[in-house]
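Just below is one structure, and these are the notes that go with it.
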Amino acid sequence: MSKVNQEQIINHLKTYGFVYQNSEIYGGLSNAWDMGPLGSLLKNNLKNLWINYFITSVPNMHLIDTNIILNPLVWKASGHIDNFSDPLIDCKNCKSRYRADKLIEENCNEKINEQTADDVLIEIINKHNIKCPNCKKQEWTKIRKFNLMFETFIGVVEDAKDKAFLRPETAQGIFINFKNIARTQRAKLPFGVGQIGKAFRNEITPGNFIFRTREFEQMEIEFFCEEKDEEKSFDMFEQKIKSFLFDQLKIKKENISIINYPKEELSHYSKKTIDFFYDFPHGKSELWGLANRGVYDLTHHQEFSKKDLTYLDPNDNSKKIIASVIEPSVGVERLLYAVLIDAYYEEIVENETRVVLKLDEKIAPYKIAVLPLNNKLTEEANSLFFELLSKNVSATFDSSGSIGKRYRRQDAIGTPYCLTFDFDSLNDKSVTIRERDSMKQVRIKISDINLDNLKSLF
């Protein structure tokens, strides 16, 4: 089939309970979405797979869970207070507000980056006569910096000294705990620390469904190593990300492209950055970032905190170094969106459109659906269903409608296998197992079902 469009995928995910509009009964909230029952299961499976692949199955990797609100000095040290901003420009005529850099990217081919000065951005906008997308006038204000961090206050009085921020990334909570982790876990370089958690960015132009929202989850790793091992560690994570995308999630290689940024386009903290781009319905956009942050983070936190964040080589007590950092970072919702787009298929079967999510069974919301052929078989089929649940198998039970319609429902939510319990099952203690992608069916004794390798039957 041709590539799925954004309206198709949004309608499908809302229809089947993957995603809901946030605050829908109150008219919604702009670019805010809630995960429904199926979206929550899929999201948790995705996070657990990441934890297993990158953390718990790898030596010298540790998991941490840090606070959303940190000491405000953390954000001064990290550079977020001074540098984490977008160039904001307003239309004087209709009062619409835009990011100046995005206006340029969408209307001309001028090369700009986050270091491009505001007066240069204005020159480009005037040079190309870029007009307001809303009212088509060219009456712009001066550019002003808009910090993306959400402000909040600690305590009962909104005094400036009590101002704090909702974290815009999870990484800093790891950096400020570097010494704690190294000491309590007796960690020796190289070692890594991973975290999954909420982050908040007051984006000027959020959009494209769950691709860019103001509240989101990140999965980040900070891998600490010596400077001489930066390149080797960077290459290792590049290969691990590829393997996770292609081998674990089964994302099609043709939908992924890799951008290696030139030095002049790097963030203030980065020595090297590559982005894995996915071909979303709205266009190719960043999915997963990999950065060599060098010694920037621990150096700045040591400077601002006045605490020693050096690493003492256990084999040489005279050797104290600042650890370098390699950071693979991905947004959970963004990755989930890519997985769902990649898995979405439509085909014509028996003159009807069959919609199927070809999700890998490791992350599908349900691995098995139990379907009694007739309502008179509900009690016996329920016994099989509860047996599966007792074995920690993610399963669902569906007894409503014809067996064909139930197959289509399970296809649409990505359930890999359907177990049909019919009248013969009462006597031969067998069920018919249907595989989602091929639609092939086999008859098998219930006692012979190997839940860990159902795929081998097909």
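Even glycines carry a Cβ here, placed using N, Cα and C.
TrEMBL does not curate its annotations; it predicts them automatically.
Taken from TrEMBL, the feature substrate binding site covers ARG99, GLU169, PHE216, GLU217, GLN218, MET219, GLU220, GLU327, PRO328, SER329, VAL330, GLY331. When Cβ atoms from all protein chains are considered, those within 10 Å of ARG99 (substrate binding site) total 19, not counting its own.
According to TrEMBL, the domain 'Aminoacyl-transfer RNA synthetases class-II family profile' annotation covers 149-372.
The ATP binding site annotation in TrEMBL covers 201-203, 211-216, 286-287, 331-334. Non-local contacts of LEU287 (ATP binding site) by the CB criterion (under 8 A, 6+ apart in sequence, same chain) comprise ILE256, ASP275, PHE276, PHE277, TYR278, VAL330, ARG334, LEU335, ALA338.
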- Note on the structure: Nearest to ARG214 (ATP binding site) by C-alpha distance, among the binding-site residues ARG99, GLU220, PRO328, is ARG99
- Cα distance (Å, whole number) from GLU203 (ATP binding site) to GLN218 (substrate binding site): 16
- Check each residue in the chain of ARG201 (ATP binding site) that is at least six apart in sequence and keep those whose C-beta is under 8 Å from its C-beta; list them in sequence order. LEU148, MET149, PHE150, PRO168, ARG214, PHE216
- Note on the structure: Here the Cα-Cα span from ARG212 (ATP binding site) to ARG99 (substrate binding site), rounded to a whole number of angstrom, reaches 14
- Compare the C-alpha of GLU203 (ATP binding site) with the C-alpha of each of the binding-site residues ARG99, GLU220, PRO328, and give the closest one. ARG99
- Message: Need one number for the substrate-binding residues ARG99, GLU169, PHE216, GLU217, GLN218, MET219, GLU220, GLU327, PRO328, SER329, VAL330, GLY331: the maximum pairwise CA distance in Å, whole number please.
- Response: 27
- For GLN218 (substrate binding site), the number of neighbouring Cβ atoms whose distance to its own Cβ is within 10 Å equals 20
